[in-house]
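Working notes, beginning with the structure itself.
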Amino acid sequence: MPELPEVETVRKGLEQKLKNFIIKRVEICRESTVAYPIDKQDFVKGLQNSLINKWDRRGKYLIAKLKKADRNHTYIENEMSLKNNGSLVVHLRMTGYFTFNKNPTSPCKHTRIRLFDNNNNELRYIDVRSFGQMWWVREGLSPKNIIKGLGALGPEPFSEKFNISYLTKIILNKTRSIKSILLDQTIVAGIGNIYADESLYSAGISPFREARTIEKHELIKLRIAIIEVLKKSIGAGGTTFSDFRDLEGENGNFGLQTNVYRRTGKKCHACKNLIERQKISGRSTHWCRKCQK
């Protein structure tokens, strides 16, 4: 599943590519991709003649802020003059990704949603496993109230709220493994399997440790490691091990730089001990027994 760095990479690509993109036509190729509104035609009508004003990210969710354009508008010089038109929210789930096509072709087998502007440029959403979802939340409603997972998210790893005081309270008396804590989106938003493994390795902490046993100096190292690993991956365009692509169809390159993830049986870069793999809460976990305590 695309994690914070992959979703941030997509967000940046969308923001750079979709300048003055006014949605003129919406084509739903798979109705189950539209999670809200229930009536799919409300989704279509809500997006039509909407200017995609800004792309935000919250955890693994993409959020496009929309402005209402006149049906005759083809270019907007002053976006501030337009009324807000709610938000388009996207969760890529396991295999979702976008492509931007100036010369659209017929939709491929796994095309789920197609958005066209006045020049027939196409923003295409493709999803092999079809777990990804989209919501159009009209102005006046809060996406956090409509989308349960979005409203339950913990703080962003880069935010001021994600500090040592917060982490200390979170792990207090917790017998869960520290890795399961990091994977809990209600505790910290956006970290998944890849970056939990990599961050714990960088901090020298065993993923199997009970959270309550992590001392303050270790928490400090872990917080720094999380931020550094995420920033490094964003700089590399994220990680691709299966279906993730950026808007240009390129793979992320962070997978070439991992220390433990998907390196089972290979030598640790630091101590030459072999990287091991074992499941925690049903998730494959990669670690170095010697470097992580």
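Cβ coordinates are placed from backbone N, Cα and C, and glycine is handled just like the others.
According to Swiss-Prot, the protein has these features:
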- Pro2: active site, schiff-base intermediate with DNA (ACT_SITE)
- Glu3: active site, proton donor (ACT_SITE)
- Lys60: active site, proton donor (ACT_SITE)
- Arg283: active site, proton donor (ACT_SITE)
- His110, Arg129, Lys174: DNA binding site (BINDING)
- 259-293: zinc finger (ZN_FING)
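When the active-site residues Pro2, Glu3, Lys60, Arg283 are compared by Cα distance to His110 (DNA binding site), the shortest distance belongs to Pro2. Around the Cβ of Arg129 (DNA binding site), the number of neighbouring Cβ atoms within 10 Å comes to 12. Note on proximity: of the recorded positions Lys60, Arg129, Lys174, Arg283, the one nearest Glu3 (active site, proton donor) is Lys60, by Cα distance. The two recorded residues Arg283 (active site, proton donor) and Arg129 (DNA binding site) have their Cα atoms spaced 19 Å from each other. If you compare Cα positions, the residue listed as 'active site, schiff-base intermediate with DNA' sits closest to Lys60 out of the recorded positions Lys60, Arg129, Lys174. When averaged over the zinc finger (259-293), pLDDT in the model lands at 97. Rounded to a whole number, the distance between the Cα atoms of Lys60 (active site, proton donor) and Lys174 (DNA binding site) is 25 Å. Arg283 (active site, proton donor) has a Cβ environment of 15 other Cβ atoms inside 10 Å. Burial estimate for the recorded positions (Lys60, His110, Lys174): highest at Lys60, by number of other CB atoms within 10 Å. The DSSP breakdown of the zinc finger (259-293) into helical (H, G, I), extended (E, B) and coil residues amounts to 0 helix, 12 strand, 23 coil.
You'll find the Cα of Arg129 (DNA binding site) roughly 17 Å from the Cα of Lys60 (active site, proton donor).
Look at the Cβ of each of the active-site residues Pro2, Glu3 and count the other Cβ atoms within 10 Å; the largest number goes with Pro2.
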